[in-house]
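Following: one structure in structure tokens, then a few remarks.
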Amino acid sequence: MPTSVLWAVDLFGRVYTLSTAGQYWELCKDAQMEFKRVSAATRCCWGIACDNQVYLYVCASDVPIRCREEAYENQRWNPMGGFCEKLLPSDRWPWSDVSGLQHRPLDGVALPSPHWEWESDWYVDENFGGEPTEKGGWTYAIDFPATYTRDSKWNSCVRRRKWIRYRRYKTRDSWAKIPSKDDPKELPDPFNDLSVGGWEITEEPVGRLSVWAVSLQGKVWYREDVSHPNPEGSSWSLMETPREVAQISCGPHDLVWATLWEGQALVREGINRNNPKGSSWSIVEPPGSENGIMQVSVGISVVWAVTKDHKVWFRRGVNSHNPCGTSWIEMVGEMIMVNVGLNDQVWGIGNEDRTVYFRQGVTPSELSGKTWKAIVMSRESDRSYSGSSSSLLSAGCFFGDEVRGSGTESAPSDTDASSEVERRCPEQLLPEESLDNSQNPKGSSSPDPGTGRTSECTMENTCLAEGKGKASEASCLDERSGHTSTPVELPWTNIDLKEPKKVPSNSAAGLPGTTGLSSLGFFPLGMEEPYGADDHPLWAWVSGGGCAVEAGSMLKWFTVQSGLSPSVQMLSLSITPAQTATWRKQIFQQLTERTKRELENFRHYEQAVEQSVWVKTGTLQWWCDWKPHKWVDVRVALEQFTGHDGARDSILFIYYVVHEEKKYLHVFLNEVTVLVPVLNEAKHSFALYTPERTRQRWPVRLAATTEQDMNDWLALLSLSCCESRKVHGRPSPQAIWSVTCKGDIFVSEPSPDLEAREHLLPCDQMFWRQMGGHLRIIEANSRGVVWGIGYDHTAWVYTGGYGGGCFQGLSSSTSNIYPQSDVKSVYIYENQRWNPVTGYTSRGLPTDRYMWSDATGLQECTKASTKPPSLQWAWVSDWYVDFSVPGGTDQEGWQYASDFPASYHGYKTMKDFVRRRCWARKCKLVTSGPWLEVAPIALSDVSIIPESLDTEGREHSIALWAVSDKGDVLCRLGISELNPAGSSWLHVGTDQPFTSVSIGACYQVWAVAKDGSAFYRGSVSPSQPAGDCWYHIPSPPKQKLRQVSVGQTSVYALDENGNLWYRAGITPSYPQGSSWEHVSNNVRRVSVGPLDQVWVIANKVQGSHSLSRGTVCRRTGVQPREPKGQGWDYGIGGGWDHISVRANATMALRNMSWEQEAHGPGPVCC
Amino acid sequence: MSDDKDVLRDVWFGRIPTCFTLYQDEITEREAEPYYLLLPRVSYLTLVTDKVKKHFQKVMRQEDVSEIWFEYEGTPLKWHYPIGLLFDLLASSSTLPWNITVHFKSFPEKDLLHCPSKDAIEAHFMSCMKEADALKHKSQVINEMQKKDHKQLWMGLQNDRFDQFWAINRKLMEYPPEENGFRYIPFRIYQTTTERPFIQKLFRPVAADGQLHTLGDLLREVCPSAITPEDGEKKNQVMIHGIEPMLETPLQWLSEHLSYPDNFLHISVVPQPTD
């Protein structure tokens, strides 16, 4: 799970964040201002500062927020000067928008706010429908508004071209002021409360947000057009309310609740995708008449509230259909506020102690949770304060802290680290005690000692004594380093921070815009003491809207961690201390010595126990693939025996009875090439292939009654197969990786003669073993760097472990196995036919498809009967209408057509007699494997540079290019064998979203854009990892490209119709090549390796017994002078989806001369 | 880098070269040759000495043969202790091979349990396993297993089948992810210097403050005499499987990797050899 942060504001208005993996509260990076409210989303946080203005904090990301501005230059031909800017009086502006209606001179296009900057100057768009115009971007037409063509014709009277300029949002990781709504004619009405949510109202990836705000006068405002590409939104709109509103809360989905000054709650109704602002309010009465609701917070289907007596309430029965819920339930605990974050997790701030509490045990089935648990993390600054005030902070100690905090865990050994911690502990406690002592006399003299909270009283007294309190609002006291309210017994509305007074110079450090390290210098011992109250942070507001805590996951916020217990270690690919610890090394060393001592000279002794045959038996079901074609119960026995050479071999016997005849079949496990789990809705089965059965496309299929039983058999058989082939441990860096359409991951060790010129190993003899985890795409490189992408677009990096998933125990490595999850959607279609009487209804013609069906219409799929794809998957959402289908939809998600099956469009015409809409439902799978998430950017494609096996060039970091799920092209920096996850992304600007990218061995980067054309990136090199510019390469005629793969020199591309194309004419001086040459059809995926070997996943391959879809195939006869090869060699099949041979640079030795030949006079020299 | 799995293998395949000689007072028909054998450290004497018995019975008259028992330097060897433990405890400082004397007469009733058949060993082994799981998981794991799983554990040990044994035993080594280890660590500490057969107490793998307990923590708590005082001379060796793990080693890790097949950590505290 990637880390995310909880936002909070302390009593002084300072904003802090606490990471889910963190150990302390971190001061917000831009801490120039005090805040009274924050409301966080995943990528940003909105807040109200003490000037009552709204501010927006956009978190920095490797991918910039980028917006395209366009303008059109229009010209008309006249006989005198040809095409010129002189247009007819009736024509459009010479510079206009796309419609021609708006005048748009290039220098008139301004940045929307000071928080944006231009990325570059204006330039002409040369790309016209996937092809370069090659004529300065001009496109021609007979007249304005008309169809434009690429070429000028005799009747082309007008032409136009498009100018493009990108702007970027620049104010990131700092607070940007959002212009006030104030109309100069009216009195200013400052903001009082604010809430962000609504990102789940639509599934569209624009990242739309709902921002609701409340002013001091009790008016409700909605910020228009807030989305990821437009983080600031455009304007405030006033929302009518029946009465004056005090506070508001907006959930991630369609819940919006507000509180009224009188203590009732207002619930917004009618919020949906087309109307995120909702339509009406209804009133919900508070739980009791004497104590009205003070504050409310909503999630996806929960509402929590705090009444004026600080009691906490949970609203029962809230959901999209009934946003008001049914009744209040009182919860334990007294809070000043509660906040519902992601996954309906809940945080609160205690009334007595002002501590942030987390509601433990909130799960989808138990939304009210179990208990409040205090978050005891201290602030980053506290740690350094206590260090400095004890005057004993040595550089070493501080360094120790930093290491733990950032999780890099490079402490030299457990011994040293833990002893250091032990030494530190008493010192940290010391100053606290002394401070308490010094406060007690003051506290007892305070006028209100009854609260028993000496620290805050002290604070008050200090302020009053210094005479700096401003009586602007009785409850509001200025304080030297910030502002606070009197913390006890005041309604929330008074947590109101006034304009900060300029701090006296001697407390400049009170603006803690510095990190812990530099604050050390600012805080001399003597100054800190009066503010000892700081030691225990007192909180005013908390927001979990950006904090992803999965139900049931482990958080480390509740105990102060010390030492290096394994649970504290952050997930990181760096070597864990347990592995480097001296004790561990010592045990390995001593065991080796022991074996030497006790066995070396005695090997001729007889063994006490003789090895014997071991048989495991059991009952399974076996698919009888001839009459009667059904699953039959069988007895199976696995016999394992040890040969004289100590090698292990096994035979699997399957005893079956068909037609009352007892028969058996047997399989030598050393002949098995792959064991594939085949999970479906009902059956736990797996398929077993040998080379012969691969050729037949006819595996042995076995099923177990329970998942556990199947996993046991699968693990045992797989282990036996690996043993008989002596394959174990981590796959080699040259390994070939593949993924099935079920997301299962397989890996094969390439033998040297796999890519031999003669006598090559047929690829149906390759042995594949399964690796834990679930992926859609996998890519590898010969230096052992492997990346994968899940169905939910999450990027994963290989950790070097093996096993996981159903491979537990011996078939799994002890370390480097982590939990992994994946999410995908299941789609069904609702079909309707129009009839003249009732319009569209779910009564079709007798010949029609099912009214609820799959995409083809052949299978009936109703909401109730449709199950997740297999028992591994569980539903995690309800059915929702999918609006993002190709072709577009109307407002209710319908697509229209003249008849089934036909092409659908998103609007109704006279001729449309049928319509359909797509329903989606998300399901989730949880497994484990040697994979770690590379957060936070989701990917749709990835490519790692293929490298030859020589050590040349290994000092460079490993080049990796990727395409994000939004189509951004990215280049990963800092990847090495030791840090396969790399450090950061470099964004490579494009004029349109991309879909596929591939980098060749000589840094040739090719990519495919959404319009189906290809692009070549110029000047990419280790010193210029992102290259300089894109060269547009048209796709093959009438084809849209889908994928590209670049090997040593070869460039192959795949189009949407399954055609494989080879790029001809590539030379060092003209790396773009000259033309596409057709190689084959029937291809689903291509992978070109460092030897220019070409492997594909073929759509359909006919075997002697049956047909297989999704088959691994190798191009045969590929040679330097014949890079397109001659034919196909067919390997494992039946549901394969992806292959990467890009790590395999292993060649048989006798072919070395061939390789030199290839690289000497070859087409491209690196 | 070596994987922790290799430790399990090394532990399982630990062998002690042993020389069996017949006790001088046993009556033989002809001279009994010594018998040399590699004994699995993790197994039990009476489980792996069929060959020894056969070898010596060949030179003896049938009527002189009664229950076999073993002795090393005057100490009868308890068959219900794992072989590796017996060796570490009694003979770790002696030279190899380990010289064991074989007896067929005068069974030392007060020192040894009878071992009428392999069933007795199985019963003893399984009861140890159950006790260990009671400590680790309140018996939940072992009770959830089927009879055939129990059988597989025993057959794995008996036939020296590492895979067969560990395919089941791994389940006994798991613990809930929200915990940092087992409930209690099954361990026994043996000393030759005391009368008490061994020390066994309840000891958790994780301290109240979340810190992992180490081998040193355990010894300080239950057997302080084994620990070398800070300024003192090292007087004792703390041995498991013939090695001396550092006192900083986390106990949970030791329990998962250096336990005997009966799931107990058998720790020997023996005097430091003087040479």
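Any Cβ shown, glycine's included, is placed from N, Cα and C.
All annotation found in TrEMBL is predicted automatically rather than curated by experts.
Taken straight from TrEMBL:
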- A:407-418: compositional bias 'Polar residues' (COMPBIAS)
- A:436-461: compositional bias 'Polar residues' (COMPBIAS)
- A:467-482: compositional bias 'Basic and acidic residues' (COMPBIAS)
- A:64-125: domain 'Peroxin/Ferlin' (DOMAIN)
- A:137-170: domain 'Peroxin/Ferlin' (DOMAIN)
- A:614-724: domain 'PH' (DOMAIN)
- A:821-882: domain 'Peroxin/Ferlin' (DOMAIN)
- A:893-926: domain 'Peroxin/Ferlin' (DOMAIN)
- A:404-423: region 'Disordered' (REGION)
- A:430-489: region 'Disordered' (REGION)
- A:1-17: signal peptide (SIGNAL)
Practice task
Please give the sequence-distant neighbours of the domain 'Peroxin/Ferlin' (A:137-170): residues at least 6 beyond its ends with Cβ less than 8 Å from one of its Cβ atoms.
Solution key: 58, 64-77, 83, 91-92, 100, 106, 109, 111-112, 115-126, 128-129, 131, 231, 989, 991
Exercise for the section: Could you give me the DSSP helix, strand and coil counts for the domain 'Peroxin/Ferlin' (A:893-926)? Expected result: 0 helix, 18 strand, 16 coil
Completion exercise
Residue counts for the domain 'Peroxin/Ferlin' (A:821-882) under DSSP, helix then strand then coil, are 0 helix, 26 strand, 36 coil
Problem - Three-state composition of the domain 'Peroxin/Ferlin' (A:64-125), taking helix and strand from DSSP - result: 3 helix, 24 strand, 35 coil
Completion exercise
Taking every residue in the domain 'Peroxin/Ferlin' (A:64-125), the average pLDDT works out to 86
